[in-house]
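Worksheet: the structure to be examined is printed underneath.
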Amino acid sequence: MTPFITALLLFGLGLGTTLTFASSHWLLAWMGLEINTLAIIPLMAQHHHPRAIEATTKYFPTQATAAATLLFASITNAWITGQWNIQLMTHPLPTTMIMLALSLKIGLAPLHTWLPEVLQGLDLTTGLILSTWQKLAPFALLLQIPLSDQTILILLALTSTLVGGWGGLNQTQLRKILAYSSIAHLGWMMLIIQFTPSLALLALLMYLIMTSSAFLLLKLNNTTNINTLATSWAKAPLITMTTPMILLSLGGLPPFTGFMPKWLILQELTKQNLALTATLAALTALLSLYFYLRLSYAMALTLSPNTLAGTTPWRLPSSQPSLPLSSATLLAILLLPLAPTITALLTL
């Protein structure tokens, strides 16, 4: 793919997301989501590999179904209430339909089944875009929808944290593990989105930083499964030393950045008299923590077998820019001491 076409598609991604951010009308928001989908499809299929084509073929009908449901629900809302405004959703039927359509778009359980399969077929760069940038526009719409009944959202969120932890337990492919990690993190955001939207935004920001760091690390090592993680020591020893910290940060373990959103979300849920929900969410986080520990063990505490098939590759200088990776890594590990400042900014 030529640089001009790549730049054009990336511009389309930015335009679609910006259009959804700026819109207060359902049709404009729907158009932004469609531009976003149409811009990423050529990026997904650019390598002409059978797995990439398969992933693109699975992604397109899923997103088309979500977009069609969203359009139908917004038309139903306009027919019932006479309103096209996003923030004036008063009838429960179209509101629930739109929430489910957006859940399908971002891959919230139980509408998540497409995400691990699609992510597994993509290269790491496109997988990074799908796991981070493509979540922003639907998330902005979820933030604006007023929900009178939080029960459905809490059920979806708890299901996501459970499925995200459970689904990643027996995986050996790193992209599938990161897909289940994404599902679990989205569940945490959905738990709190109706009570404290600013806290959901904080959780989203922390998720974007940690996931970007994880994908860039895998891209640097050119690693896609657990077995090849053991060769990381020979390729980049310093990076390999910091990787377990990033993985434990994704798992929400103190004293790393990932602990901050989980801690604040559990605190807020307790304030809302949802102690049982908070307990269940904390228990499901232990499932996710197990497979992050498994990855950390495979990367930092094992060496590749000293056979011809497992010969360590040469340490050639990497052609990848190191600034994004180093910045994301530092932020993914060291932001917890700033928690008081961040919480003070959230309450402004």
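We count from 1, first residue shown onward.
Cβ atoms are placed via backbone N, Cα and C, with glycine included.
No curator has checked TrEMBL annotations; they are predicted automatically.
Annotated in TrEMBL:
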DOMAIN    23-287  domain 'NADH:quinone oxidoreductase/Mrp antiporter transmembrane'
DOMAIN    289-342  domain 'NADH dehydrogenase subunit 2 C-terminal'
TRANSMEM  66-84  transmembrane segment
TRANSMEM  96-115  transmembrane segment
TRANSMEM  151-169  transmembrane segment
TRANSMEM  190-218  transmembrane segment
TRANSMEM  238-261  transmembrane segment
TRANSMEM  273-293  transmembrane segment
TRANSMEM  323-346  transmembrane segment
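On the 0 to 100 pLDDT scale, the domain 'NADH dehydrogenase subunit 2 C-terminal' (289-342) averages 77 in this prediction. Counting Cβ pairs closer than 8 Å to the transmembrane segment (323-346), the top stretch among 96-115, 151-169, 190-218 is 190-218.
Counting residues 6+ beyond its ends, the transmembrane segment (273-293) has Cβ neighbours under 8 Å at 154, 157-158, 161-162, 164-166, 168-169, 171, 177, 180-181, 184, 187-188, 191, 247-248, 250-253, 262, 265-266 in the same chain.
Of the candidate ranges 96-115, 190-218, 238-261, 96-115 contributes the most Cβ pairs within a distance under 8 Å of the transmembrane segment (151-169). Long-range neighbours of the transmembrane segment (96-115) within the same chain, counting only residues 6 or more positions beyond its ends whose Cβ lies under 8 Å from a Cβ of the stretch, are 33, 58-59, 62-63, 65-67, 69-70, 72-74, 76-77, 89, 134-135, 138-139, 141-142, 145, 147, 152-153, 156-157, 159-160, 162-164, 179, 182-183, 186-187, 190.
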